[in-house]
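Positions annotated as region 'Disordered' by TrEMBL: 78-116. The transmembrane segment annotation in TrEMBL covers 152-174, 946-969. What TrEMBL records for 181-305, 321-440, 460-591, 607-736, 748-883 is domain 'CUB'.
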Amino acid sequence: MQPQTPQQTARSTRGRLLMQLRPTSSSMCRITRQQTTTRTPCLASSLLLGKEYFRLAGASSWLAGGVVKRRRHRKLERRCGETTTSRARIKKISEENNNTNASQSHRKAQQKRPIPIPNYPSLIGKKIRQYHPHPSTATAVSSSTSSTKKSWLLLMLYCACVCCCCCLGPVSAFDCDFTRVSGAVSGPKTGAFASPLLNGHTVPAYGLQCIYTFIALPTERVKLAFRDFNLAGRPPDCLHEYIDLYTELRNATEDLVQTDKFGGRFCGKIAPRPRISLYNTIVLVFSFDRAALTPHLFAGTYEFINASMYDMGTPAPPSTCAYVVKSWVKRAGDIVSPTYPGVYPQRIMCSYQFLGQRSTNQRVRIEFMDFDLFSGGAHCPYDRLTIHDGATEQDPVISTNCGPQRGLIVFSSQENLFISFITNRSGGENRGFHAIFEFSENYVNLEFITAGEHVRGTECDQRILSTGRSNGIIKSPNSPFLYQPNVECRYFIEGLNNAEDLERVRLTVEMFRMPQLLGAEKGDCSAGGLTVWFTGVESRSSGPSDTTQTTLCGTPNLPLPALFSADSKILLKFYSGTTQGLGFRILYQFETYFKVPGIAHPDSNICEFRFQSGPHIKSGDFHSPRHPANYPPNTNCTYIFEGAANEQARLEFDLFRLSGDGNYNNDCQNQDYVDIFETSAVDSRQRRRDMLIGRYCGTAMPAPIISRFGVHDLKLRFVTDATGVTNGFRGRYMFQPAEPTFSATKGCGENIRNQTHGRIAFPDFPDGEKSVSKYTVNASCEWWITVRPGYNVLVNLTFMGIEGSKNFQTCSATSCGCSGAALKVFTDLTTDKQLNPELCGVEATDIPNGGQLRSPKNVMRLTFTTSSKATGGDGFALRWNEVRHPVVGDRCEADEFFCDKNKFCINKDLRCDGHHNCGEFDGSDESVTECGEPEVEVSFFEDLTMMGSVGGAVGGVLLIVIVMVVCVCRRRRKAERRRKRQQNMNQDQHHEWNS
């Protein structure tokens, strides 16, 4: 429950104060705010004020004997006596607390003096002095100057009371105050309190206030705990029924209006949490303005508890909760927040200074048994507990803590420690903290830490940071001597991890002796051991199969296999039991880490990794360095995939994104790229030859790659420059049984020889028709075309329906490329400088040169491969023929046809066969001159690219034909007319001759 702060209640303070100072029956017995609610007749109180005035003026005997009647005096005693008696007790206890230095005889005399019942003049004079705090009021009443001033004040107040009583008339009396004093006859150490009952009394329109006062002995404190709470309203709107708490009062006579020790306002259904006084007094003010009160509004218990637990050391003024704890005075004990386990005060500053002895190598240990502070965020801007590794606030900070905490244990590095506890106006209801401390010379001596630095706040933890491929030695505590029992130390070892450098940790055990218990089984490390977390994060083991950690103990045979971190960090925890030993000595090394699976090069600074086929390893993953993070710049990495003698290596890519804008046009200059080679031995000296399969860059994802029959290895080389990095690539490798190139079980592929032309289609379908079946996954087909020496192979694609796209203007970054399937054309098999194109897609723009490719020599190799994730497609179809480029002065053979534009010689049988066999943009073998006007079959891609131009040409031709027809018709008509005229003229001449 959130109490009201003083700011939230400021708006009602003025009104409440005016209400409490009105000359009603409540102000007759109490004038100040905290002593309202007793209902004594106005006239009697006015006469009492007059008595006080005349007593101070020297006429007290006259007033007591002639004016004030004893029966009225006794009536007032009955109505205000109980409260006056309680006030006298309060005054007595307060005087005892404030006069602890008085003599014993004077204190006894004061105790023997009878309590004045009633003593209204002195009570009223006391309250007037509270509202008029002039220095003169501190002097004795016998002073003439003080008496004169008091008499004038009393006279003025007497006149005001008489006037007000005449206007207001009498009011019925009702007293709801509640006072408990520890040590008094009627005040036990524990008890209960509850909301008041009206018992038929009428509540004035402006309401009532009931004051519950709890006063403990100087060596005690007050504890309040609410059992029931059922008030009207809902915080912060506490208007009709509410409770104000004052837990930081030094004594019961403090003015509640002027004090800043306001502990909060509460209403609603949620009870306040337990409260403990900061000194020895708690005041609870219950305010209500209802005509009737329902029972059981609130109830609780009070207890006067021993305050010795809050005496934690030598006080250090001016703060009320600052202590100095000296080891030569108190070696161990408890420290608590000022009012623990009650809600701690707001706006308070406490400090706890622990001073040890350096000569004996003392250190301080603090363990928090309970920690509950207001949580204001990660940086604790409100309430906080700060621990400093030294004697002052200027020493290094170990930690700043807030909110709930568990298992918080802090060690000093040397003999001193300083704790500061600061609270602000958080408005929380948290109980604070409870901790135990101890000074000891038996904690681990930190001199064994030589490689790193001690982690402040821990007993013996250390952190070692790389300075760039550095190394060093870590040792067990107290090395080279026996380690202490029941000790736990951690070693945080961290390599570089930034945009340019990534390191991993390598551990080599040089000495290890941590004896086990007698009769313990192998692997039983309960007596002590060294646990290694390869991920750098401490966690519980999930069992023997847990590969993220291992534990060493006993006396193993050396050398042990080297231990490597999974990333840039590794964590070691040394723990000892009841036995002791010499411990361990371990060499650590920071080495460059590319975070690539596979067998790394012996020199960790060389980026080379091998993926070898084994009896149980036939596949795996590979990726760029540090993937899925960005790869480093200026890197040259090599990946070697080594298959067995009867295997072929296969690569498939799932992601490919390099820095740059390269594509399948082989434009990979001045940017990051990947080269893929087939590698094979060339002689008995194990020299190897690499043949380039393809170069890839940008987002041009490579197609599935498989080594040729008889070639077992593939090599991938990844080269990056100094500018621009991305997350690189990711793929899979497989080693599959070798299968002959032209195996009949494949159902595809052929070694074509002694032919001049032909057709290839996969899946096979008739010429001029579309495929009726789809290609399947993991297909691998190969065609070799060998023509006569001196001739080249010319390929013309007539159909292609392969998944993927090479149109970088229309495809997305994830769909560009031929990762599912591809037709590869190897035009030159004698050099590794030729970059062989990969073909996929269904558009004419997906392949270069309009679908026509020519080999520089008489051999061409074509492969069609699909990956394990291929979705299936229609495949492809192509026609090929041999061509010869005659030298100057040479002519085509008699059985050959000469292509006019490309100057090729092709087989004469290909003339007028309905296909363009002369190469790109040369249709002379199918021209009208040669073939007349037969129907000419054009290729699939020629049809797609020429469709628009043909439409325009047809329209133009039609227009020309129409114009020509019109012109011809007109000429014929004119000729016909001329002919008829000439015929008529001839007939006329014939008639003339006959006549």
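Just so you know, the numbers here start at 1 and follow the chain as drawn.
Glycine residues also receive a Cβ, built from the backbone N, Cα and C atoms like all the rest.
Secondary structure counts, DSSP: the domain 'CUB' (748-883) has 6 helix, 59 strand, 71 coil. Remark: the domain 'CUB' (321-440) contacts the domain 'CUB' (181-305), by the rule of 3 or more CB pairs under 8 A. With helix defined as DSSP H, G or I and strand as E or B, the domain 'CUB' (181-305) counts 0 helix, 52 strand, 73 coil. For the domain 'CUB' (607-736), the model gives a mean pLDDT of 88. Broken down by DSSP into helix, strand and coil, the domain 'CUB' (321-440) contains 3 helix, 59 strand, 58 coil.
Per DSSP, the secondary structure of the domain 'CUB' (460-591) breaks down as 0 helix, 60 strand, 72 coil.
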